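Sequence annotations record features per position, and here Swiss-Prot assigns region 'Disordered' to 15-55. Positions annotated as SUMO2 cross-link by Swiss-Prot, on the basis of similarity to another entry: Lys19. The annotation compositional bias 'Polar residues' is assigned in Swiss-Prot to 26-36. Marked as phosphothreonine by Swiss-Prot: Thr43, Thr59. According to Swiss-Prot, the feature phosphoserine maps to Ser51, an assignment based on similarity to another entry. The domain 'Histone-fold' feature in Swiss-Prot is assigned to 56-128.
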Amino acid sequence: MNQFGPSALINLSNFSSIKPEPASTPPQGSMANSTAVVKIPGTPGTGGRLSPENNQVLTKKKLQDLVREVDPNEQLDEDVEEMLLQIADDFIESVVTAACQLARHRKSSTLEVKDVQLHLERQWNMWIPGFGSEEIRPYKKACTTEAHKQRMALIRKTTKK
């Protein structure tokens, strides 16, 4: 369970350009049908990244703990830590922006988990643990076989004549 509760909703009605700055809400009930509302107070702090006091998603301490889980003897350089934190923040911002566009597309003023889930599944081939995809059916691009390409070329050739 994350700090935003099982299912985060963000009110999109007052924002033309969405800059994510999550505010925590207490977890609620079961993960299946509950929702939590997350307000977006403003834009990120200096340098484009959220500051630790603004509930930054990935902090240096969390990153160091993650590295220690992988290899207890490994130590990251300061520049590498900053770059990884920036990449994580950019990823979160791009996912939230795309999810907000999906919410607006379905004419909703709230960002729901299914918006984030759809973007992550389709664009990044990622799934959110703990959330079933009853509403979102798997989307797979049909791979075109060589025989299909030859048939299509023959059809195009005959229609040009």
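Note that Cβ sites are derived from N, Cα and C of the backbone, with glycine treated the same way.
For Thr59 (phosphothreonine), the count of additional Cβ atoms within 10 Å of its Cβ stands at 14 [all protein chains shown]. On the 0 to 100 pLDDT scale, the domain 'Histone-fold' (56-128) averages 92 in the predicted structure. Across the domain 'Histone-fold' (56-128), DSSP classifies residues as 51 helix, 2 strand, 20 coil.
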